[in-house]
Amino acid sequence: MYCRRSQLKKPSMSHRTHYYWIAHQGTPLHGVLSIPGDKSISHRAVMFAALADGTSRIDGFLEAEDTRSTAAILARLGVRIETPSFTQRIVHGVGVDGLQASDIALDCGNAGTGMRLLAGLLVAQPFDSVLVGDASLSKRPMRRVTDPLSQMGARIDTSDDGTPPLRIYGGQLLRGIDFISPVASAQIKSAVLLAGLYARNETVVREPHPTRDYTERMLTAFGVDIDVSTGCVRLRGGQRLCATNITIPADFSSAAFYLVAASVIPGSDITLRAVGLNPRRIGLLTVLRLMGADIVESNRHEQGGEPVADLRVRYASLQGTRVPEDLVPDMIDEFPALFVAAAAAEGQTVVSGAAELRVKESDRLAAMVTGLRVLGVQVDETADGATIHGGPIGHGTINSHGDHRIAMAFSIAGQLSVSTVRIEDVANVATSFPDYETLARSAGFGLEVYCDPA
């Protein structure tokens, strides 16, 4: 059954309706597109505003399932949040010591960022909490966060295999630590820094590779004194946050699908407005340019403390490349889109050092390799990457594994298919990009949404 857009306004993986896409060749992409607000920044903005003294206004908030889950949890903890419009939030902060206990488990849905950051916040509270998630989030590793928090004096229980739910015991006295992160992860860093706000003395986080600095930039915007140097962040405990107004830029990870689509669909010429270009987020932009993409920045400025620019993208004949391993942490969420760009390019594209893809919402490495093979693309899989051999893209049915980024990536592949590509289990796109189909079709995608009773 074909589904009207109104039926898909707020789909959920818990619904009994099964949603799928049929993607096929459309027209060259054209137009000026406004991408929704950055998901990572939206999580942090509403969370830090809740901890601030005073009232904060957030513009450009991402209205999606993941960010709604975080906002709903904060409301459950006693924070009053108003929604004057779809992309605005007015947050009446309660201060660092004003959160209240919840009498039910706090449901993060599919939001891994929300769960990990909230863990860092809740370990410092005087009350117990339980963080739960959906089936996908309940399979994701959490010890990488709970271990350093435990070193700070927190008490957290996970399931036997280190996955959610997280049972957090309040009333613990936290101490600052000098933590060397075993992996490059902004979520780990952010959880430790949030706990560090409540800890005695100084908290230091050292990283093997610099990661996204959204937390550092936003804490500064809220008046927190934080020292940042290459690969190292220092935070003194006991500081308070001051309310401020935040304008959130467009999400680069969401823009990535249009960057790739316009680069590989002949005749395309689009402009993406006010896209966030955090230096630790734009590895894909660098790699696409290495492949010969025609992407031009203009109107560069700062928005919400983040570098922002308009991006004009025109079709170009891409060439395969070897992805520099030092860029992998800066594009970890964009690899599904890159794999499709590689399939459309001439020659081979080699990815290595990307084992982290196996512990995202799905095993993204396996999902992309399997899906491209279904479409007739030659791909050689390794433990931490793959070699993609560019060539014609065929037709077939793709299992997205309920992963929003896998689904959106293969919608691009469908535009290059000799026939059609059916993409199963796409409701979870609402976690990050609820209006994806509407925007894609307006730009020229051939993309229909269907639903069947499960």
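The backbone N, Cα and C atoms fix where each Cβ goes, and this holds for glycine too.
Values in this document were obtained by computation on a predicted structure and should not be read as measured data.
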According to Swiss-Prot, Lys39, Gly112, Arg140, Arg364, Arg405 bind phosphoenolpyruvate; identify which of Gln187, Gln239, Gln303 is listed for that same site. Gln187
Secondary structure of Gln187 (phosphoenolpyruvate binding site) (DSSP, helix/strand/coil): helix
Are there residues of the same chain, six or more positions away from Lys360 (3-phosphoshikimate binding site), whose CB falls under 8 angstroms from its CB, and which are they? Arg140, Ile332, Asp333, Asp403, Arg405
For Ser185 (3-phosphoshikimate binding site): intrachain residues, at least 6 apart, with Cβ closer than 8 Å: Arg144, Thr211
In the three-state scheme derived from DSSP, which category covers Lys360 (3-phosphoshikimate binding site)? coil
Closest of the binding-site residues to Arg44 (3-phosphoshikimate binding site), Cα to Cα, picking from Gly112, Gln187, Arg364? Gln187
Listed phosphoenolpyruvate-binding residues Lys39, Gly112, Arg140, Gln187, Arg364, Arg405 - what's their greatest C-alpha to C-alpha distance in Å? 19
